[in-house]
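Chemist: Below: one structure in structure tokens.
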Amino acid sequence: MKKIKCALIGPGNIGTDLLAKLQRSPVLEPVWMVGIDPASDGLKRASEMGIKTTAEGVDGLIPHMKADGVQIVFDATSAYVHAENSAKVNAQGAMMIDLTPAAIGPYCVPPVNLKQHVGRREMNVNMVTCGGQATIPMVYAVSRVQPVAYGEIVATVSSRSVGPGTRKNIDEFTRTTAGAVEKVGGARQGKAIIIINPAEPPLIMRDTVHCLVEGKPDEAAITQSIHDMIREVQKYVPGYKLVNGPVFDGQRVSVFMEVEGLGDYLPKYAGNLDIMTAAAARTAEMFAEEILKGELVLEPVAA
């Protein structure tokens, strides 16, 4: 079976976890890992796996992309450098899957809107944030039953799973997640809160979703919709589970989730890495399948 070749930019927690997932993919083959620090653990690991590496940033990758047939690039760096990375990669005729909160391309939350991205020839799609991937399916599960006037999500993650890039991007994280709670989740107004918990041993990712619906909540239909959506997310993140809810209090619907990872890079408490990387891999696989079928031909985009 032919595979589509990929490159990863950013050998941190997210990039390293994503690499493990891509190595199991039936349609994607990771061939490059790009960093900026020659001593980085992520670059060392990639190199040991036989993957080509560069510590010269994206500029170290660009000259090799055509020769190595790289068609999909994942950016797991920081919102601040993403636009520049994306322009350089798109100019080489490769598409970009953005795992930073830069959000210059359309948001993608696979169980909600992945199919809408098929056939649109997008050269950049944004995976929102780990908090967004964990909670937006729940907001959407409510909003597809009845209108949501306000959606609020709280993502609690272990300090150890949050690397320096994510810490620098906290403001972008909350803005991008809130924007996607509205655009993808369907809430008229969205709010996002992230809590980084320093407890040791590290705590598993926890997510709380509150929705204020219009009118009296249709409890049976909302409950059914939430359980259906959880099954969809579990197809690619088996550790996604409902801890409590949906709890109905007047017009408020609350759902309490927990996300356990597969333990590919950081231990299982870091479900925030998994939900992000599994969603990105799932998205890339869909585009790769289109390319393999000849339905999607990527073309260079003038920078």
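In case you wondered, yes, glycine gets a Cβ from its N, Cα and C as well.
Copied straight from Swiss-Prot:
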{"type": "ACT_SITE", "residues": "Cys130", "note": "active site, acyl-thioester intermediate"}
{"type": "BINDING", "residues": "Ser161, Val162, Gly163, Pro164, Gly165, Thr166, Arg167, Lys168, Asn169, Asn272", "note": "NAD(+) binding site"}
Chemist: Do me a favour and check the Cα-Cα span between Ser161 (NAD(+) binding site) and Cys130 (active site, acyl-thioester intermediate); whole Å is fine.
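Modeler: For Ser161 (NAD(+) binding site) versus Cys130 (active site, acyl-thioester intermediate), the Cα atoms are 11 Å apart.
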Chemist: At the level of the C-alpha atoms, what whole-angstrom distance separates the residue listed as 'active site, acyl-thioester intermediate' and Asn169 (NAD(+) binding site)?
Modeler: 12
Chemist: Cβ neighbours within 10 Å, counted over all protein chains: which one of the binding-site residues Ser161, Asn169 has the most?
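Modeler: Output for this query is Ser161.
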Chemist: Let me know how many other Cβ atoms fall within 10 Å of the Cβ of Cys130 (active site, acyl-thioester intermediate).
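Modeler: Around Cys130 (active site, acyl-thioester intermediate), other Cβ atoms within 10 Å: 30.
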Chemist: Enter the number of other CB atoms within 10 angstroms of the CB of Gly165 (NAD(+) binding site).
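Modeler: Result for Gly165 (NAD(+) binding site): 20 other Cβ atoms within 10 Å.
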Chemist: Out of Gly163, Arg167, which of the binding-site residues is least crowded by other Cβ atoms within 10 Å?
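Modeler: Looking at the binding-site residues Gly163, Arg167, the Cβ with the fewest others within 10 Å is that of Arg167.
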Chemist: Greatest CA-CA distance (Å) over the residues Ser161, Val162, Gly163, Pro164, Gly165, Thr166, Arg167, Lys168, Asn169, Asn272 that the record ties to NAD(+)?
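Modeler: For the residues that bind NAD(+), the greatest Cα distance is 17 Å.
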